[in-house]
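Pulled from TrEMBL:
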ACT_SITE  GLU94  active site, proton acceptor
BINDING   TYR184  substrate binding site
COMPBIAS  203-220  compositional bias 'Basic and acidic residues'
COMPBIAS  230-240  compositional bias 'Pro residues'
REGION    203-240  region 'Disordered'
Amino acid sequence: MAKLYFRYGAMNSGKSTSMLQAAYNYEERGHRVLLAKPSVDTKGDRGILSRLGVTRGVDFLLTPETDAYALFQQHRHETEATTGLDVSALLVDEAQFLTETQVDDLLRIAILENIPVLAYGIRTDFQTVAFPGSRRLLEVSHSLEELKTICRCGRKAVFNGRKVDGAFVFDGDQVAIDGVEVTYESLCGSCYLEESHGVLNNRRREPAERGRSIGVDSHEASPATESAPACPPASSPSLP
């Protein structure tokens, strides 16, 4: 049985580059692959654009209404008719933009059609909230692989900061593709909290009074710490 793979990472972790390398590896050995991506990803138009400058067109786009299973079958049959080869793998870029139903279809393709499916994407948005597609992939994928990148401070980056006109923002729609005004920067947890001034998921944690953060009134002694009568000293054993 083939598997559904989810390879995820923060922005600039080389997801598209890794996907194009996987496609090349298959095709160099005489296999045929299909490439797809959600239509909401307008970066690169109908192609996959890596940050190293490598581009490649996709075989089909997935709108939110697309039946992913049926569209895959259609392109699979066309591939067999034109090349005489069956599809060896389906590779999906920007998989965080898929619907949960489409992710379920990717799982069906892997299991029922015995075709490996490699999905690439990010886990969370600029507010640290999981995309629906990524959340479902984390739930049902056979294999999870993190693609790593580094923050500006040198630590491992795990979050995605959004910039508008060069300044970090933490409000707005979940989906906004790279453009002239909107860019993204991969950040570690410390740098993210520094830029957001402590805000996570659009919520700020108010500082608690000392002692009350663990449910203890600092002006009252807990039963475990109240004074208790001292135990009498043990009597020395009598000598014979």
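Cβ atoms here come from the backbone N, Cα and C positions, even for glycine.
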Recorded positions compared (GLU94, TYR184) - the one with the fewest other Cβ atoms within 10 Å: TYR184
Inter-residue C-alpha distance, TYR184 (substrate binding site) and GLU94 (active site, proton acceptor) (nearest angstrom): 15
